[in-house]
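A.B. asks: First the structure, which I've put down as structure tokens, then a few questions once you've had a look.
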Amino acid sequence: MLTGVLDDCFCDIESIDVFNNFKIYPRIQKLTERDYFRYYRVNLNRPCPFWADDSHCSIKDCQVEPCPEVTNALFSFYPCGQYSQVANANTDIVDCEQAQDLGAINSTLSNYSKEAFEDWARHDDAQDHFCELDDETSPDADYVDLLLNPERYTGYKGPSAWRVWNSIYEENCFKPRSVYRPLNPLVPPRGKGCSSSLCLEKRVFYRLISGLHSSINIHLCAEYLLAEGWGKSLWGPNVQEFRQRFDPAETKGEGTRRLKNLYFLYLIELRALSKVAPYFDRAFVNLYTGDHQEDQASKELLLQFFNETKAFPMHFDEKSMFAGQKIEAKTLKEEFRLHFKNISRIMDCVGCSKCRLWGKLQTQGLGTALKILFSEKEIKNLPEHSPSKGFQLTRQEIVALLNGFGRLSTSIHQLHSFRALLKEKR
């Protein structure tokens with residue numbers, strides 16, 4: 001399994017594992033269970049701006065047919081054709097229904113919660129903002145309870161899912177023109193790969209997207225539907241799925257790079273969290289839910305969490321990014337921003353509601369982390385007593401940032417479990 005030093009930084013895998021699994025993971029789990037962080041406002045009804053919706057449900061015999069009035073998608077590395085083909089129309093219908101259930105959003109909210117959200121909106125509207133709020137102000141956006149909608153296997157794989165990720169990689173990873181990325185992401189690219197001959201800034205962007213892709217797939221392998229029956233479902237790790245996506249022998253060496261990119265993304269977001277702590281240190285910045293004791297306890301937990309992130313001894317040096325001429329650096333930053341905006345829109349093309357929810361959240365979380373790293377001077381010069389001036393984060397950005405990093409922390413924690421399971425099977 002993966003060991004050693006990461007590329008583009010001076011940090012080893014083993015140090016990250018120990019730091020995350022013993023210091024970060026327990027704290028981020030507690031934090032994301034707090035009321036402020038468990039509710040995320042998102043518009044899951046925005047149409048795909050790039051192509052007509054062609055989502056399909058999961059078919060075990062690989063005869064993928066559209067499901068009437070069903071849209072489901074799952075981010076996947078491998079083709080449906082790897083499985084045996086057994087034509088069975090009845091099985092098709094059952095699988096379509098299963099995929100619909102697995103991908104559906106649990107929109108259950110109490111009357112108390114709905115009233116609280118109206119209070120939150122009044123509180124947030126009273127603040128001054130200097131950025132686009134997008135889903136936060138859309139009339140089609142709704143609050144979703146993240147604890148009721150965990151990220152896990154939803155039962156969809158195939159061309160519809162590949163199209164989303166291929167679009168993200170092909171249009172946004174700054175790769176050299178000589179690199180080819182086939183429709184089937186399991187097939188290795190020709191040449192040295194997307195990030196081989198690029199400057200640091202552009203390698204970073206590609207590695208962040210690859211790391212996000214890897215993290216999502218680890219969650220799907222770790223929370224896999226193993227069995228159903230009598231109204232109960234058995235969820236757990238699927239070692240074979242994990243090996244097909246990450247084992248070097250199964251992926252022609254690509255699996256190792258995918259996992260390294262996950263760790264690299266973890267370091268980038270960890271660095272952003274350590275940098276943004278001064279923003280929350282100010283007394284007037286609160287995590288408002290209307291319950292003063294809850295708000296105070298949440299902020300104390302958050303500040304303790306920030307102290308842990310700052311204690312990590314091998315942070316990524318973001319000063320090496322955009323270190324060239326001012327005009328070139330400004331151009332690259334704008335390029336990053338536009339690529340990231342495009343990725344956010346591509347996430348609207350994910351058919352499965354749960355996949356879209358977590359894809360949009362983690363995309364916004366990564367975007368917020370980059371916003372923080374690009375705003376170091378603004379954060380250093382924050383006014384002590386003026387909430388309406390300088391660098392700002394919205395509620396949604398804060399929720400996405402912490403939950404997005406929580407997903408990365410969970411991925412690394414889950415890798416530890418997969419290591420143990422793989423040893424048992426040797």
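Residue 1 is the first one shown; counting continues down the chain.
Quick reminder: no glycine exception, Cβ is built from N, Cα and C everywhere.
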A.B. asks: Disulfide partner of Cys352 per TrEMBL: which of Cys221, Cys355?
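C.D. replies: Between Cys352 and one of Cys221, Cys355, TrEMBL records a disulfide, namely with Cys355.
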A.B. asks: Express in Å, rounded to the nearest integer, the largest CA to CA distance found among the FAD-binding residues Arg152, Thr154, Trp165, Ser210, His213, Arg245 named in the record.
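C.D. replies: In whole numbers, the farthest two Cα atoms are 21 Å apart.
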A.B. asks: Per residue, counting other C-beta atoms within 10 angstroms of the C-beta, which of the active-site residues Cys352, Cys355 reaches the highest number?
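C.D. replies: Its Cβ has the most other Cβ atoms within 10 Å: Cys352.
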A.B. asks: Just to verify a number: CA distance, Cys355 (active site) to His213 (FAD binding site), in angstrom, no decimals.
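C.D. replies: Cα-Cα, rounded: 12 Å.
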A.B. asks: For Arg152 (FAD binding site), write down the residues of its own chain that are at least 6 apart in sequence and whose Cβ falls under 8 Å from its Cβ; none is a fine answer.
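C.D. replies: Same-chain residues close to Arg152 (FAD binding site) (Cβ under 8 Å, separated by 6 or more) are His219, Leu220, Ala222, Glu223, Tyr224, Leu225, Trp235.
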